[in-house]
Structures are given as C-alpha cells and as structure tokens.
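Remarks on the structure that follows.
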C-alpha cells in the first residue's frame, strides 16, 4: 500500500484522516451513530498506523535499509497526533454537542435527535510545507457577542469548566461560567451537589494616584444559574496505580500500610493483611513547621498563600528526626530536615526613613535595608497622624531553629490545590487561571530556614534628633548600648547607660528608647503567650530576658519561615491529566498577573520618590528628607533635583521564533534619568524559551508523556541478551540504522530532520559496559530566526524563518521616521544577521538628504572649489538598491552615499528604490546594463538614475526601455547576434541589442562588430 507512495501522497492521506477525525466534532451527542462513528474512525486509524509501520520499513533511501527521513518523521507525527485527537474527541463528545446548540441556536433539542448530518470529509494540505497542517475547524468554545449572561451547562467532571465572553463592547466586564464545589462529592453525587454560577470580571486600567478615588473593590461579580444539560466525562486513569475515592493516584504498594495515604482512608479499606512502614507501631509527630513549608508564596506581595503541598503524606519511607527526647517523622516531600537552634543575627539596627500622610499611607526611603520593606506591614498599625518629617529605627532579631530542603521532583500536592488544577479549563482564560496565583501564590518553598523573628520599630521626630546632634552612626550605637534593650537580648546590664550630649541626657536620661515618640512590636513564630509578652510599649513595662528566652524555645515547636529559596508554582503542575496544556496556560497567566500589578502603570512621583502599586492605588515611597501624602514636601536640607530613571511597562512577548525563543523589551522613560539621576537598573530586553505546537489553538489535552514515541525513547534488551539497547536519538534527529539490539563496538548514526544541519560528528558507539558514548554532535537550525525589534518598528518581509542569504529591511511604522542604524541585514552562513542588529536601534526623525546646489551630485564645497564627498559623511537612510559592477552584486545604500561613491569613481549603477530584487532576471539585466553602459552615446540624468540610448526618461523620473523598432537603424557600435527564435544571425546596433535584452527576447551575442556577409 505504501511501498511506492510519494511524500506528497502520504501527506494527503495523513491530512485526509485527520480531517475525518475533526469532522466528527460537527455531530452532536444526540446523534445515535456518534459513538459508532467514533469507534469506526479509531479502528481505521489503528489500521492505517499498523499498515504504515509494516510497509514504511520497506522504503529504501540513499543507502539500503534506510528509512527516508521525511516519511519517518511524518509517520511519527501521524501516530502522535492521530491518537491525541481521537482521545480528545472521545472525552469531549458532550461538550461539542452542547456548544453546537449555542452556535446554531435555532435548532430545538427534539429536532436534533433526528438531525445527524454526515461528517464533512473535505480536507486541506498546506502546499508550502511537506508537513500536513490543520485548519482550525474544531468545535471548541467560542465567544458569543451581544449576550448579557450565558446559559450555564452542568458538567459532571469538575475538570470541564466553561467560560464565555458576553457583554457588549461598552462594558468592562467579561462573563464566565464556573462550577463551585460545596464539598468533596463522590462521582455519583457530582451532578447534584454542585453550586453552579456564572461570573464576570474586570481589571484596573489606570490605578488611583495623588489622592484620586480608588476603584470599586469589587472586581468580580457572580450569580447563580441553572444547567440545561448533564454530561459524563471519563474519570482519571491511574493505570497501574491505586485510585483513591477522591480521584488521586498513589503507588499501589501504599495500600493497607496502616497510614492514611489517600487522605480519605480509602487505601486502608478491605485489608486482609496489613503492614507497617515504620518498624515501631508508635505514632510519630509531624516535624515542626511541616504545614508552613507546604504553603504557596506570593512573591509580589511577600505573603504566604494557601497550601500547595501535602506534607502530611508520609509515603513508603520512615525517616525520623530526633530532638532531645522527641521523635518526628519527615513527610515524603522533604528531602532533608535538620533541627539546629542558633541565632542568625544577634542584634541588627536598621535605619528606615518614613513619613505618614493624613490617610495613614506609608512612604519609605529608597536607601532603606531590604528588611524594612519586607516588614512594611508594621507601619499600617500606626494610627497617629504625623505631620512633620519622621525617622524610624528598626531593631531586628532573627532566631533559626531548623533548616529544610524539598525533593526536586515527585512532590505530593495538597488536595485543594490538585482539585483546583483539575478544575481549570483546557481553553485559556486569564480570569480563571489567575485565581491560582491569588489563592496559592506564584511560588513555593524549595528550601529554607524555620525559626522566629522579633522586630521593634521606634519612631522619632527628625528635626528634634538634629537639634541633639545625633548622627545615624551614633543612633545605631545608642540602640546597641541602651540598657532596656541590652538587658533583653544579653541578660545583663549595659556598661554604658547614657547616650548623646548634655541636653539629651537631661531630657531622656540618656536613653534612646525613652526618646521615641512611638514603638511598634512585631513577633513571628513561637507560642502565643510569649509573643504577647514581648510587646513593647513606651509607657508600659518592658519585656525581660526570661520572656525572650522562653519565646526562643517555643519557636522550635511553633516556627515560621524566616529565610527561603523559591521555585515557580508552575513547576508543580505535572503528573495529572492535561498537565502540559494547563502548565502552558499558567505560564501565560502568570505573565499577565505580574503585568497587572506592576508599578510601571503609576505616574512619576515628586521629589524622585519611588512609585509602588498597592492593590488598585499607586503610592509614593519617599526619599530621605521628603515627606507628605505624595512626597511633595521637602526638608530644609533637601536640595537635590535629581530624577532617577524608571522603566516603562514591558512590551508584549513576540511570537515564538524558529529557535524556540520569544522576546520582549521595555524603555527607561517613566521617567528618563534627568539632572544627574541614576539610569534604570536591570535588563532592557528579555529572552525566554517557548513552545510551538500545532494544537495550541485547538486547546487539546496534552499530558506529560504524550510526546514519548517508540522512536524517541530508549528501548530495553531482551532477557539474557548482551550488548546495547537502541539509543535515544539527540534532539531534532532520528536513527539511521535503528535496531533493537547492538553488539559491543557497533555504531549508530543519527540523521537531522529537515530544516536542521549537523554540527559535529554523527556517529555513536556501543561501549563494553552496555552503554552508549555521549554524542559528539547535535542538530541545529539551518535558518535565521526573525530578529526582535523595538516597538514602532517592523520587518520586511514579515516571516518567522529566513534562509541563508536572505535580506530583511527594518522600517518605522510612523511616517517621517527611520531606523537609527542600518536598514538592511542579511542572514549569514553562521545563522546570525550580518551585520549584527544594534541593541539600541530605534526610530528617529528622518532628515532627508539635501545636496549642495552649487556643486554636482556627490560633491561639496571645500573652500573655493567643489570636491567629492566621503560616503562616511552620508549617515542617511539606505533606501536605494544599486549594482556594484566590480563585485557583481546588488547592495543597499543611501542616495547620498550613491552620489559620493559615483563621484569617487566607483562603478555603481542604480537599480530601484527600496529593497533589492533578489530574482535572477533583475540581477542579470543589471549586470548586462552595466557592461554596455560605457559604450552608450547617450547619458541622460533621470531622477536618481541615468538613462542610456536604449532608454527614455519618463514623467515619473524613471528610465524606461524603448521598443526595439524605436531604435534608429544606424549606429557606430554594431554587434553580431544570433536570434534564437528565428535561428538566424543579424547585425544590430547597441540600442537594438539592449532593447531586445530589456524586452526579454532571447539571443546569443556572437561577437562585437557586424556579422560577416554570407
């Protein structure tokens, strides 16, 4: 069947079968023949794959026994794509039918039982590629305009959320359909115990600032709805694992081990014999802080969120930790946990400059310690309005009790987090995916330290401190020596009980603590009775050393996270249905989430203050010596006018290019640095890896192991066999020999896919220990990817991939603007653009070239005479294509450079305005025209060009070729030509010959001079 099949015929077959699978989606679930049609199609797919597998190996390539790489690649794609589409269609039969009702709207439910249209069997093959491409013809959810609310549909599996945009263009809300669980129902209860509701959301376009009214706190509205249809979706397949009643999959060896591994105890039911994981029957306590380690963390808000890891899951190992007489059992997620009490910082005094507005909002110096910002919530508790410039000092103590590190993979997720992930829709919707970050944060703890934190924040009148002559260094020293603080931390009296000069000693008895206007206490970690006792009040009794020591001891059993390393929450999205699809959606949603709460939306603040976005309002964080609601007031000694640069918002990500990279950029203009201010810190451009998928517009369910095919994974040797199994080919390649078993010393060769070239050595050898040597080569792209350009600039031609030798032109979208650097670039043999595109290239106002009217073209005045210009002086847009007769190639240059080089004797000839034409005909004519131009008796200037005797200058100032019969029959320069069409020789002059060449009449130039008479 396939033995004599061409690649194009094979492509057609693949496309036809795919379109048949997709067309089934046009049927509805009410059609009685739907399941039969699906089953029939799946059987046909299996048959096609089986026949292809048996016959493709018979196709010979350049060498005997070699499978043609194009056929092999297409077959692998057929297997993967076909099975994925069939599986997805089977799971989505009901959904497709319901959406068909919404789409047509006029067909009643009763009528549809009798209306079963035949599947649409037409198909399309992309002629520009050897790979069949799919049209977007699936029945995925679509937007329904001009509807106020959407009809809700009850889906049995919580995984299948539906959402629709609905309001008219004048509304700021979007409407979505959602199912919310009121409890954890069983499969049979799912349809009856759901609370169904639809909701709509909006986002802040411009935050409030400078005293403006804040946005309405409600960014989401919801209301109940009533489903019109019920559907059943296949449950999660745990394969060889045990399926808990909750739907979670656990290792089958964890059944009947006397511990609740499922969380609902379903793994301990109906047990004949039981076994224990630990040797002892004793029940061990959880390690201190295990629940905190499993919390999510919002990196933007610096706050913990909901639990993402289930650290009550112990698994099949019994790892114990001992502290004195207590034994603790480590959860399965913990790789290392060590209890070790110690002080990270004995005493740390940090200066924070702070002023508080009449609204009670905080503003803080830009040169503060990072810890000041982390504990910024302290300032929210200040209720006294401070109208003068204030100074804050923070006394900070950190106590470490234990360290932890999580396993790098295979982490056990918390039930609520896993259920929320399963409930996310396959169709991307920012409002739904954003809830993950709002509820569970953006990151999770990968390692860190547990313990306690003790903070004291003292507030002072800055002007009063200046009258006492106390410097910042002296203030820090005073805190370290103050008897009331010294006694708490060191359990002994200070050697120095005084601080400052005579006036300060007289008024406050030399105590820096007594001079404070207010003191705020923050205690994290430890038991409640000790944290309360550590509170510090100016007129109350200060805590003593015994209370402080008791608090430190209590942080061992009741710690908080005091130091940590984070990993993205998206890393946890694996190992459950449709993980790849949802992981990609979460990546996209995280980018939008971070953009939504970026302070780049805020306008610049007065006096070089730093803007920060707090909820839906922008606040200003003041520099030292400035204060007021928006930092608009200055102390008398604040005289600087510097303005530091701040970034604009990031541009949108570019599309994923051929190197699987995407790009975005930002500009330092919000504001730009002024009057000696510092430039923006951080990168101007970002590059990240990305994925290109033919299914990304179809919202297909892609699992973690969907792309593991037989040809891409390493096989195993048969029992008792020796040698090496089939190796795994490097990325973007396939194996040429492709055997199941190789003897010691045998070699295998990997061949690169189309569009890739070999970099290095293609052979690998089977070693004596039964392993393969590491490949010394790789398959890399054989094209240049589309470069990234700033906003307001575009690339011609607009393609994603360019062959070696291809040219691109950079152009500004706004009229009257041109690129600041070169305009034309070439894809070089090293697969980079030549010359390299400057990183700081931008659009500038285009200043046209104005020649010196008193000199010839290409000349300029030098004293009393005209001399040829140097092309280095011509820094203008390269908008001319000229032919370099010496190099026999077409190049781009400005009209100024063209005139200058021509004046200096370079053999340059005008071809056209704009990019050079790359076709062979244009280059051949330019080469011929240049070769005979010197013999022309006519040289007529015509715009940027020069017309010769076979051309006329048109009204539009372009040289147009004459028709041969318009040339005079006489002429001094004669040529002997053989006319191909007539198969005869003629003696013609230069005008006749050039006009014939321009008209594409074929002839052969025999020699110069007239033909010999016959």
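Just so you know, glycine gets a Cβ as well, placed from its N, Cα and C.
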Region 'Disordered' per TrEMBL sits at which of 658-682, 683-707, 708-732?
708-732
Least surrounded among the disulfide-bonded residues, given as 244, 256, 752, 779, when other CB atoms within 10 Å are counted:
256
Among all the protein chains here, how many other CB atoms are within 10 A of the CB of residue 271 (disulfide bond)?
12
Need one number: mean pLDDT over the domain 'MACPF' (274-601).
74
Name the residues of the same chain, 6+ apart in sequence, whose Cβ is under 8 Å from the Cβ of residue 827 (disulfide bond)?
783, 784, 802, 803, 804, 805, 806, 807, 808, 833, 834
Just to verify a number: CA distance, residue 256 (disulfide bond) to residue 262 (disulfide bond), in angstrom, no decimals.
11
When DSSP is mapped onto helix/strand/coil, what comes out for residue 827 (disulfide bond)?
strand
Within 10 angstroms of the C-beta of residue 262 (disulfide bond), what count of other C-beta atoms is obtained when all protein chains are considered?
23
I need the nearest neighbour of residue 262 (disulfide bond) among the disulfide-bonded residues 271, 752, 779, using C-alpha distances.
271
